[in-house]
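Novice: Please read through the structure below; I'll follow up with questions.
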Amino acid sequence: MLFELNRASRAEILAEARQIAGLALPMMVAQIAQVATSFVDTVMAGRVGTDDLAAVSLGASVFITVYVTLMGVVAALNPILSHHLGSRDRRAFSRDAAQGLWFGLMLGALGAGLMLLLEAPLRHWLHLPPDVTDKVMLFITGAAIGMPAAMAHRALHAYASSLGHPKAIMVVSLLALALNIPLNYILIHGLFGMPRMGGAGCGWATGIVFWFNCLALLTYVSWHRHFRDSRILAGLAAPDWRRFLAFLKLGVPIGLSFFVEVSLFSFIALLIAELGTVVVATHQSVLNFSSLIYMLPQSVATALSVRVGHHAGAGDYRAARFISGVGMLMGLAMAGGAMALVLLLREPIMWMYSADPRVIAMGTTLLLFAAVYQLTDAAQTIASGALRGYKLTAVPMLIHITSFWVAGLGLGMLLGLTDWIVPRMGIYGFWTALVISLTVAGLLLTYYLARASRKRLHRDQGILL
């Protein structure tokens, strides 16, 4: 049986599932709070006007691409810190936790600089009315100011989760969501002496909230009793560039994997623009709902990177392989439930997004594609998380590039926009390619995880393969 789960008792599997769920659930709530923040931005900007909504959508696409890519790089801290804890090297843990804070701040500063540098070419590329373009740039500037804090927060996220205390992340994320709503309103409408920014105020609210996130979580972990034995500021020293290089060696492939995935959906949105507003609106609606479901396997994947990292760091590769298998079972079970939910509630789901019968009709069809790829999407996400726990990131990056850019984007363009293979399929061609790309990624990453975990187990036992 895959990952030799047949050798474990039902009680052992359930006990490990509870351990994973204990880590995953608070992180899932935190991720939902973050998605809800973006949802609030969209709704509040839309209330101001169409131009403001367009500005927020375009500005957010730039911000999210940079944010997700850098978040992937900082995610290297999860397995690094977990390995130190597994090997009981508290000194190395304290050192890298503190250096990770510097690393996040500096990486975020580079990301902020990149976003600001992109403003000039974006003004040239965006063929929009000048007032809309100005709002896009104002949004990007505000969001960029928060980028150093955003990456420092991700470093603190890795620190807290590796110690097995993700509730701190959840509490701060919920507080940030509560703060974002009044901040949006104040900056959009120019209350209390603040300039009236319209929808662009959401970008500045985002930047401010990221600083709140960072400082609040830093305060929490600095004073709460759960972190008494590993105070992050106690190990703070001058930036160590050798440690930064070690973080980058592991983190850059993760960041590229994240970039490949997020850019796939960004490029598809741009490519289907010529198919009309109904197609674009339907695609974005179905994608938004799929992203919400994606929080389930993603939270399990983050928990696995910690749990697998702990045991791999301790040299207990049998436990690491077993945990990977339990996580995969959990993810596939949740994906099966999500698939059933989507299939049964396709029309009500689309009614939440639009009353336009054309959007609903097309959306109910696209949701069939979304239902089909739930299992393989969960498999590729969870396998990636477990592999990060083993500090294996280069091969997953290559698999993601091949799956998403070749099988996903390349095949999608051929099926959706040309007659080269079959008569032009339009939006359905892109979603067919999405299903194929996620299936390829899911199968390859699951195979690689099974093979890599088996090799480490046998090597640990002195067995030559």
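Each residue, glycine too, has its Cβ placed from N, Cα and C.
Feature list, courtesy of Swiss-Prot:
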| type | residues | note |
| --- | --- | --- |
| TRANSMEM | 21-43 | transmembrane segment |
| TRANSMEM | 58-80 | transmembrane segment |
| TRANSMEM | 100-122 | transmembrane segment |
| TRANSMEM | 137-156 | transmembrane segment |
| TRANSMEM | 169-191 | transmembrane segment |
| TRANSMEM | 201-223 | transmembrane segment |
| TRANSMEM | 250-272 | transmembrane segment |
| TRANSMEM | 287-309 | transmembrane segment |
| TRANSMEM | 322-344 | transmembrane segment |
| TRANSMEM | 359-376 | transmembrane segment |
| TRANSMEM | 395-417 | transmembrane segment |
| TRANSMEM | 427-449 | transmembrane segment |
Novice: Restricting to CB pairs under 8 Å, which listed stretch, 169-191, 322-344, 427-449, is in contact most with the transmembrane segment (395-417)?
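Specialist: The stretch I would name here is 427-449.
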Novice: Residues of the same chain, at least six outside the transmembrane segment (359-376), with any C-beta under 8 angstroms of its C-beta?
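Specialist: Here the qualifying positions are 278-279, 281-283, 285-286, 289-290, 293, 332, 335-336, 338-339, 342-343, 346-347, 349-351, 353, 427-428, 431-432, 434-435, 438-439, 441-443.
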Novice: Can at least 3 Cβ pairs under 8 A be found between the transmembrane segment (201-223) and the transmembrane segment (250-272), with each pair 6 or more apart in sequence?
Specialist: no
Novice: Below 8 angstroms Cβ to Cβ, which residues of this chain, lying six or more residues outside the transmembrane segment (137-156), approach it?
Specialist: 55-56, 59-60, 62-63, 66-67, 70-71, 74-75, 77, 97, 100-101, 103-109, 111-113, 115-116, 118-119, 122-123, 197, 199-211, 213-215, 217-218, 221, 232
Novice: So which of 21-43, 169-191, 250-272 is most in touch with the transmembrane segment (287-309), counting Cβ pairs under 8 Å?
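Specialist: Maximum Cβ contact count belongs to 21-43.
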Novice: Mind checking which residues reach the transmembrane segment (100-122)? Cβ under 8 Å, same chain, six or more beyond either end.
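Specialist: Long-range Cβ neighbours of the transmembrane segment (100-122): 62-63, 66-67, 70, 73-74, 77, 80-81, 133, 136-137, 140-141, 143-145, 147-156, 158-159, 232, 236, 239-240, 243-244, 247.
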Novice: Are the transmembrane segment (21-43) and the transmembrane segment (169-191) near each other by the rule of at least 3 C-beta pairs under 8 angstroms (pairs 6 or more apart)?
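Specialist: Judged by the Cβ rule, the two regions touch, with the required three close pairs present.
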Novice: Should anything in the same chain at least six residues away from the transmembrane segment (427-449) have a Cβ under 8 Å from its Cβ atoms, list it; otherwise answer none.
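Specialist: Sequence-distant neighbours of the transmembrane segment (427-449): 2, 264, 268, 271-272, 275, 279, 282-283, 324, 328, 362, 365-366, 369-370, 372-373, 375-380, 383-384, 386-387, 392, 395-396, 399-400, 402-404, 407-412, 414-417.
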Novice: Please indicate, using numbers and ranges, the residues of the same chain that are 6 or more beyond the transmembrane segment (21-43) and have a C-beta under 8 Å from a C-beta there.
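Specialist: Distant Cβ neighbours of the transmembrane segment (21-43) are 53, 56-57, 60, 161, 164, 166-167, 169-170, 172-174, 176-177, 180-181, 184, 202, 205-206, 209, 291-292, 295-296, 298-300, 302-303, 306-307, 330.
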